[in-house]
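S.K.: The structure that follows is given in the form of structure tokens.
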Amino acid sequence: MKTQYRQLIEKTRVVSSHPGIRKYFFNTGWMFLEKILRIIAGLFVGAYVARYLGPSRYGLLNYAISLVTLLSVVGDLGMESILVRELIRHEDKRQRILGTAFALKLCAGLLVFICLIVLAQVTTADPLTKKMIYIIAGGTVFETLRVIEYFFQSKVWSKYLVWSQIAALATVSLCRIALVQREASLEWFAVTYSLDFMIVAIGSVIFFVKSGHRFSDWKFDLPIARNLLIDVWPLIFASVAVSVYMKIDQVMVKWMLGDEANGYYGVAVRLSEMWNFIPVAISASLFPAIVSSKNASETLYMNRLQWLYDLMVFISVSIAIPMTFLSGFAVKIIFGEDFVPAGNLTSIYIWSSVFVFVGVANSKWIFTENLQKFRMYSYVVAALINILLNLVLIPKLGLVGGAIATLIAYAYAYYFSLLLRKKTRPAFLQFSRALNLWSLPGRLIKGFSTFNKTD
């Protein structure tokens, strides 16, 4: 154990002096900063709001957010990784890529907004619920400007985006505290979600311009639009499927068990999913290094992926084990006695993070290998699994049934589906190897140096 510890210290010292690794991990650090602050705000400000609203009203707010999320992902067109990849590979076409992506996202965003208005009319007769859906849906229009975020990712400049997000987080958190103090009505809390989108968008625009770039340089290019749509159309369906199997349980709990039950379920989801920023931040920062290594060496490319999978399993299991035993206590302390039933749900739901963590990392491999159609099919099947299991398990097991259904859907989408095709089986084997916890620390130490090698 002491030898491994000394090896880890030495590897850390050597690797930390390498300019490439410093660039990637400092970029990750900026992303972690915002997400950690968001976790803190979510725990304290979010819990403060939940205590004020109570399970029923909190459940209704959670339902409106979930319903909007089901469709809003279409507005993103699933192009994050595709766009980052293209900006890295074709820097000479950057202005045309950005301009084309913006136009596509604008059209998609407006279409989604209209669909959400129609969906609100069809799914509920309650005026308050409709109003909240309209308000939150309005904020998603600002997501069009996320193309700037993808540009920052391609340049490993996450600090600009983080500053915008921190400004939005601080403003929105203060607004929510003020709303509780003034005993505001429920729809005002929905307004804060739209406000968050707006501030991030404005901040991104400011930093984009201040860094010496101009929107007037953006150009729409029909061939690029055609190529982007060819690449992303499977991801559009995949994004909808992901949204369904991630959010449909909350919608179905509301429909089948009511607002109060959905309030408990929403707390369990919040405590479990608040950690999901970790794989997103790490993978986004290391994606350029992983993509570039493929051109240099297939072995280096696969070794970097394996190390990333190992890291994701290590972090997710380190979170899931204590949360399993402490979730009841955590819910009682943070959210209060009214939300105690959420404790048992959290101890089950938290294990989905193991599949989410590795799945996010594996998505980079999926995109690099142009296996978007496979991912789309796996997400669609996972969504169907989640819906069917919810229909069977929620009436029999209540909220626990919803948590179990979601866990199984995640396991299929990110792990077992990889076994079904010959081309994806290497990823299944890498995931399986990462789940070998006994040798995990040694592999992490040994594989740490792969990001110190020249691409």
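A Cβ is built for glycine as well, from the same backbone N, Cα and C atoms used for every other residue.
Remember, TrEMBL labels are computer predictions, not curated facts.
Feature annotation from TrEMBL assigns transmembrane segment to 36-54, 60-77, 97-120, 160-180, 186-208, 228-248, 311-336, 348-367, 374-393, 399-420.
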S.K.: Run the contact check on the transmembrane segment (36-54) against the transmembrane segment (97-120): 3 or more C-beta pairs under 8 Å, excluding pairs closer than 6 in sequence.
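M.R.: No, these stretches are not in contact.
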S.K.: What residues elsewhere in the chain lie close to the transmembrane segment (60-77), defined as a C-beta under 8 angstroms and at least 6 residues from its ends?
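M.R.: Non-local partners: 53, 104-105, 108-109, 111-113, 115-116, 119-120, 123, 128-129, 132-133, 136-137, 140, 143-144, 146, 186, 189-190, 193, 232, 235-236, 239-240, 242-244, 246-248, 250-251, 254, 259, 262-263, 265-266, 269.
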S.K.: Grab the same-chain neighbours of the transmembrane segment (160-180) for me: Cβ-Cβ under 8 Å, and only residues 6 or more beyond its ends, written as numbers and ranges.
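M.R.: Counting only partners 6 or more residues beyond its ends, the transmembrane segment (160-180) has Cβ contacts under 8 Å with 30-31, 33-34, 37-38, 41, 45, 48-49, 52, 148-149, 152-153, 188-189, 192, 195-196, 199-200, 202-204, 206-208, 211.
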S.K.: What residues elsewhere in the chain lie close to the transmembrane segment (311-336), defined as a C-beta under 8 angstroms and at least 6 residues from its ends?
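M.R.: Cβ under 8 Å, 6 or more out: 43-44, 47, 50-51, 267, 271-272, 275, 278-279, 282, 342-344, 346-347, 350-351, 353-354, 356-358, 360-361, 434-435, 437, 440-441, 444.
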